Amino acid sequence: MTASSVLLHTGQKMPLIGLGTWKSEPGQVKAAIKYALSVGYRHIDCASVYGNETEIGEALKESVGAGKAVPREELFVTSKLWNTKHHPEDVEPAVRKTLADLQLEYLDLYLMHWPYAFERGDNPFPKNADGTVKYDSTHYKETWKALEALVAKGLVKALGLSNFSSRQIDDVLSVASVRPAVLQVECHPYLAQNELIAHCQARGLEVTAYSPLGSSDRAWRHPDEPVLLEEPVVLALAEKHGRSPAQILLRWQVQRKVICIPKSITPSRILQNIQVFDFTFSPEEMKQLDALNKNWRYIVPMITVDGKRVPRDAGHPLYPFNDPY
């Protein structure tokens, strides 16, 4: 049985498998959370922009706390600061709104969702007349200093980053008095992120993989993109070990000490996704999966401009995916 959590530099234990909640519809996410907690999940990944934190809060209220199924201190809850709330004055109100929605007194981890800021306000995707996004000039280093105050106030136990490049991580570290503990990025065998993971681990950050199964349910999915869950190497290992393809992909990550947050609302899959600690890959099997890397990124936010689908933020000076890693 391999260890099912990693130790953050804050001393917190972060479970290697958590339940992702992106695209989990209100009306379905509450039951998914309650089921996940009942089968042993102790890590839930949330974000204000997912629009479902209120319902997640209802599930947490029923299942977590004194006299409930799960003591609060056994649960690791992450949420994320959205792009419209990067202005230092907006950071604390944003986390307080998330805490109220989740019905929690503190978060275990709070991430800056993206490095760039959108125009301030309550519209999560402020747009110009031509369909492009309205940005705000707040730099992530200013936002980081405001996030640090949340730790001092006890609202948040640890801070982290999401969708930041290696250069941007170092930029935050250069001003941080509270060091980031986690980087959350897209990661799976087609986008192995080896350089970025090594960069983080050398600096005391753990890495969380989002879309670890390849996110085949995206709205902007392209018909000819490769499907990770149908990859022959993955299917062959699944057959050999008597496991599902998803379990193969998750086992590869946890064996690399990378945290995963697969999203599901289906009980059988929620259960399956956490059953990855009772088998191991040989070094040769790990190499087979490592060899699938092709730096294929599924999650690039797209918008329609003049009738064409284009990457939404690729022209922004803080866009993270123009860097080599």
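Residue 1 is the first one shown; counting continues down the chain.
From the backbone N, Cα and C atoms, a Cβ is placed for every residue, glycine too.
If you check Swiss-Prot, you get these features:
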type: ACT_SITE; residues: Y50; note: active site, proton donor
type: BINDING; residues: 11-22, D45, 162-163, S211, L213, 215-216, 263-266, R269, 272-273; note: NADP(+) binding site
type: CARBOHYD; residues: K23; note: glycation site
type: CARBOHYD; residues: K68; note: glycation site
type: CARBOHYD; residues: K85; note: glycation site
type: CARBOHYD; residues: K141; note: glycation site
type: CARBOHYD; residues: K153; note: glycation site
type: MOD_RES; residues: T2; note: N-acetylthreonine
type: MOD_RES; residues: S4; note: phosphoserine
type: MOD_RES; residues: S38; note: phosphoserine
type: MOD_RES; residues: K127; note: N6-succinyllysine
type: MOD_RES; residues: K127; note: N6-acetyllysine
type: MOD_RES; residues: K145; note: N6-succinyllysine
type: MOD_RES; residues: S211; note: phosphoserine
type: SITE; residues: K30; note: site 'Not glycated'
type: SITE; residues: K34; note: site 'Not glycated'
type: SITE; residues: K61; note: site 'Not glycated'
type: SITE; residues: K80; note: site 'Lowers pKa of active site Tyr'
type: SITE; residues: K127; note: site 'Not glycated'
type: SITE; residues: K134; note: site 'Not glycated'
type: SITE; residues: K145; note: site 'Not glycated'
type: SITE; residues: K157; note: site 'Not glycated'
type: SITE; residues: K240; note: site 'Not glycated'
type: SITE; residues: K257; note: site 'Not glycated'
type: SITE; residues: K263; note: site 'Not glycated'
type: SITE; residues: K287; note: site 'Not glycated'
type: SITE; residues: K294; note: site 'Not glycated'
Residue among recorded positions G11, Y50, K85, K145 with Cα closest to the Cα of K287 (site 'Not glycated'): G11
Q272 (NADP(+) binding site) versus recorded positions K30, K34, K134, K153 - nearest by Cα: K34
Where K80 (site 'Lowers pKa of active site Tyr') falls in three-state DSSP terms: strand
Spatial neighbours of L213 (NADP(+) binding site), counting only the recorded positions K80, K85, K263 and Cα distances within 10 Å: K263
Distance [Cα-Cα, Å, rounded] between S4 (phosphoserine) and K257 (site 'Not glycated'): 9
Candidate with the highest Cβ count within 10 Å, taken from the binding-site residues G11, P15: P15
Of K23, K34, K153, K157, K294, i.e. the recorded positions, those within 10 Å of S264 (NADP(+) binding site) when Cα atoms are compared: K23
